[in-house]
Amino acid sequence: MRLILLGPPGAGKGTQAKILVEAYGIPQLSTGDILRSAIAAKTPLGLEAKAIVDRGDLVSDAIVNGIVSERLDAEDCKPGFILDGFPRTIAQAEALDLMLVEKGVKLDAVIEIKADADVLVERVINRAKESGGARADDNEEVLRKRLNVYQEQTAPLVAYYTDEGLLRAVDGMEPVEQVTAAIKAAIEG
Ligand code: AMP
């Protein structure tokens with residue numbers, strides 16, 4: 001099973017990916033997690049990516065394409081994978097299509113987890129109020145930035161994968177279990 005989870009930040013891609021890992025026995029491939037690990041370990045990649053990730057912008061296509069191509073060659077990706085947070089631009093989607101042709105494999109589905117941007121921001125503001133402090137405001141600002149980046153650069157992938165006949169949309173505002181059920185139905189149905 002080869003899947004892409006598409007959706008704005010905070011929609012639940014990571015949560016659903018972890019559940020699907022258990023259900024299908026295939027790895028989650030999160031470019032955000034890989035970048036965060038590199039940043040924490042202060043590797044050359046991490047040092048290059050830190051400021052970009054911190055302000056909510058996208059790391060260059062060349063960097064993330066390289067990360068994904070290498071990761072897809074690992075043995076654990078042979079039976080399949082769940083891409084979480086990649087692709088995020090049309091150029092990344094095109095690069096992925098090429099990689100998959102080269103590796104001789106095909107995507108099964110692209111799951112769009114739909115979520116209302118206003119509700120996502122509201123959740124973060126409420127969390128900020130509960131915890132208090134200035135840092136939470138920074139988070140809200142960065143989240144708004146990431147939502148804008150999503151609208152401008154990632155949302156066009158919905159049309160891209162609709163054209164490829166791969167897109168399945170689910171309502172990400174439902175409870176976690178219901179979203180999982182909808183994803184499984186979209187994949188298996
Ligand atoms: P995520 O955990 O998927 O929300 O990613 C966190 C941050 O990592 C993003 O805001 C970007 O700065 C960076 N990032 C993750 N995946 C990508 C990608 N496919 N292309 C560019 N930047 C990415």
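Glycine residues also receive a Cβ, built from the backbone N, Cα and C atoms like all the rest.
All TrEMBL annotations are machine predictions without curation.
Taken straight from TrEMBL:
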{"type": "BINDING", "residues": "G10, A11, G12, K13, G14, T15, R127, E174", "note": "ATP binding site"}
{"type": "REGION", "residues": "30-59", "note": "region 'NMP'"}
{"type": "BINDING", "residues": "T31, R36, D57, L58, V59, G85, F86, P87, R88, Q92, R135, R146", "note": "AMP binding site"}
If you measure from the CA of A11 (ATP binding site) out to 10 Å, which binding-site residues from the list T31, D57, F86 are inside that radius?
none
Taking the Cβ of each of the binding-site residues and counting other Cβ atoms inside 10 Å, which one has the highest number: K13, R88, R127?
K13
Select, from V59, F86, R88, E174, each of the binding-site residues with a Cβ positioned under 6 A from at least one atom of ligand 1; if none does, say none.
V59, F86, R88
Just how spread out is the ATP site if you go by the largest Cα to Cα distance in Å among G10, A11, G12, K13, G14, T15, R127, E174?
19
According to DSSP, which kind of secondary structure is E174 (ATP binding site) found in, if we only use helix, strand and coil?
coil
Please average pLDDT over the region 'NMP' (30-59) for the predicted structure.
95
Distance [Cα-Cα, Å, rounded] between K13 (ATP binding site) and V59 (AMP binding site):
19
Site with most surrounding Cβ atoms, counting all protein chains shown within 10 Å, from the binding-site residues T15, T31:
T31
Count the Cβ atoms, other than its own, that fall within 10 Å of the Cβ of F86 (AMP binding site), considering every protein chain shown.
23
Among the binding-site residues listed here, A11, V59, whose Cβ has the fewest other Cβ atoms inside 10 Å?
V59
At 10 angstroms around each C-beta, which of the binding-site residues G10, G12, G14 has the fewest other C-beta atoms nearby?
G14
Cα-to-Cα gap, G12 (ATP binding site) vs F86 (AMP binding site), nearest whole Å:
14
